[in-house]
Amino acid sequence: MNLSGLNMRGLLLADEPMSRHTSLRVGGPADLFAIPEDADDLQGLLRQLKERGIPWLAIGRGNNLLVRDSGIRGAVISLERFNRVEALGQGRIRAGAGAENLAVVRFAQEQGLGGIGFISGIPGTVGGAIRMNAGAYGTGIMERTESLTLLHDGNVREFGRDELEYGYRHLDLAAGDIILEALFRLDQREAEQTEEEIRKDLELRRAKHSVGFPSAGSFFKNPAGQTAWRLIDATGMRGERVGGAQVSQVHSNFLVNTGGATAGDFLELSRVVKKAVLASCGVTLEEEVRIVGEE
């Protein structure tokens, strides 16, 4: 794999440990870690990677990502510099994929807009939230999304929400599509009301989800009509440990890094939990975290 001579305006790092770029603090090295400056820089990099036959993976802040210990062959592309947020009028806000969720909510608040306060306490970026249709309390972020700007087949294109397929904790995108921006349509709302929504969301999440160790948030999706944490609790798996990975004592749908964990520890703990839930409850859990890297 020829990685030498790649040219871009942003930052290029070789053999970069992915443990530095995931909230779980695990993961082997990426052959190449790239941080493009903007869409033009990204397009130029992708053209070079395609010419050389180098595979790539785009990420946000790594809050919902589990990278295997062998790392990632090819390039990892971080969209952290795609963080611009702007008001367009008529209740619309455009946010780059790399913009932090809470920062977008705060920006909307300054414009007298609200309706996405439920993402205030969700760690990560707009791109990651959209990719997983992140939500809380029965609402998903796609319900507030008017359109997405994607890098699609190498070209920048805007897709209306009615052109996209999405559901609980997922958005169906074509292979190779990269989310660049989201256009939200929000409600007129007093800043004080939005502040109260933010405060309640952050307090509730701190009370329920402050687990004290690095985690990826909810590790498993909630099966239809059920909650993953109740199923895990029913098996007595709260506190179960494999190496440095543990089922959180605070919230049993959080798998946490108590120190020195490997990706292999998390994968094995996930397998043990899924096996126990299937045997005890007859339900097959599905990971909500995105698992990537060399097997």
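Just so you know, glycine gets a Cβ as well, placed from its N, Cα and C.
Residues or ranges marked as active site by Swiss-Prot on the basis of sequence analysis: Arg169 (among others). DSSP classifies Arg169 (active site) as coil under the three-state reduction.
Under 8 Å, Cβ to Cβ, and six or more positions away along its own chain, Ser218 (active site, proton donor) finds Ala228, Asn253, Phe254, Glu288. Taken from Swiss-Prot, the feature active site, proton donor applies to Ser218.
Per Swiss-Prot, active site is recorded for Glu288 (among others). Cβ contacts within 10 Å of Glu288 (active site), excluding its own Cβ and spanning all protein chains shown: 19.
The domain 'FAD-binding PCMH-type' annotation in Swiss-Prot covers 25-189.
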**Prompt:** CB neighbours of Arg169 (active site) within 10 A?
**Reply:** 17
